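What follows is a short report on a single structure.
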Amino acid sequence: MAASLGLRGAASGLRYWSGRPRPAASLAAVCSRSMASKTPVGFIGLGNMGNPMAKNLMKHGYPLILYDVFPDACKEFQEAGEQVASSPADVAEKADRIITMLPTSMNSVEVYSGANGILQKVKKGSLLIDSSTIDPSVSKQLAKEVEKMGAVFMDAPVSGGVGAAQSGNLTFMVGGVEDEFAAAQELLGCMGSNVIYCGAVGTGQAAKICNNMLLAISMIGTAEAMNLGIRSGLDPKLLAKILNMSSGRCWSSDTYNPVPGVMDGVPSSNNYQGGFGTTLMAKDLGLAQDSATSTKSPILLGSLAHQIYRMMCAKGYSTKDFSSVFQYLREEETF
């Protein structure tokens, strides 16, 4: 398979690298990029994450062939001279390297296997990278369908949020055939500072689900601690400072604090707009719950976090950032 991949298989690199400048071993990938830049890359899904990810590919010289179910999402790319396709199948007909960034398992199945999906027109030897966060079992099923068509499927969900997507500092957790990792790394390295090979198809999703479960638990814990401290008479900025120089420090406290006014440039200081939606967090926690059931793994706090985010969705928080759990706790007096 690798021999038939042409330019997309020319990149070489490490199983794992992080940070900038990049290792010398990635030089081949950088060199091949100038050649590969003449070959368009397909990108499907231009939402809060997909939009800046696609822009970073453009900055690295890759012409794009784009599709989004909402045509308005493609306008700024079209105005910049990029091609807009009429369907996922149209993208697959015009590009042999495609990245998808979609909200749910159902969306991924439709984009790949639907009546106008990628598999209707995919070319043999194509590399298909799904950066959506979906059920690992769905990734495995899609990989089987893609393999039947003579192409390669890899799951590569991301961590880091919109800010990291904009700055090109995402972490990619990659599952798939190891021999194809270098080819995937060539593209993913344009959008992230960490590209990590996790194992077979589905392991990237497993790593992402574990990360987001921990993130939800730590965000709820941070919100509870901040709320308790404020109600006990502490200034929120002072409390955050103390937490962030103490053993309770975590990403939710020092980088994405959920209390309005404590930090600039985060959703909590913008009425919880933007960022990572509560609905998506509830969805990811549902995936964690499903995985825990299938592997017979106890996730007591993960299950409780899932319940809390589902309640938030039912009480008007679905479109707010997941850090709005602080606001939810402040307003709820019945626990």
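Each residue, glycine too, has its Cβ placed from N, Cα and C.
Over in TrEMBL, the protein carries these features:
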type: ACT_SITE; residues: LYS208; note: active site
type: BINDING; residues: 39-67, 102-103, ASN107, THR133, LYS283; note: NAD(+) binding site
type: DOMAIN; residues: 41-199; note: domain '6-phosphogluconate dehydrogenase NADP-binding'
type: DOMAIN; residues: 202-328; note: domain '3-hydroxyisobutyrate dehydrogenase-like NAD-binding'
LYS208 (active site) sits from LEU64 (NAD(+) binding site) (Cα to Cα, rounded, in Å) at a distance of 26
DSSP says what for the domain '3-hydroxyisobutyrate dehydrogenase-like NAD-binding' (202-328): how many helix, strand, coil residues?
86 helix, 2 strand, 39 coil
Averaged pLDDT score, the domain '3-hydroxyisobutyrate dehydrogenase-like NAD-binding' (202-328)
97
Between the C-alpha atoms of MET49 (NAD(+) binding site) and LYS208 (active site), the distance in angstrom, to the nearest integer, is 15
What does the structure give for the C-alpha distance between ALA54 (NAD(+) binding site) and LYS208 (active site)? Integer Å is fine.
21
Quick one: pull the CA-CA distance for ILE44 (NAD(+) binding site) versus LYS208 (active site), whole Å only.
20
Could you say which of the recorded positions LYS59, LYS208 has its Cβ with the most other Cβ atoms inside 10 Å?
LYS208
Would you mind checking how many other C-beta atoms are within 10 angstroms of the C-beta on PRO103 (NAD(+) binding site)?
19
Around ALA54 (NAD(+) binding site), how many other CB atoms lie within 10 A of its CB?
27
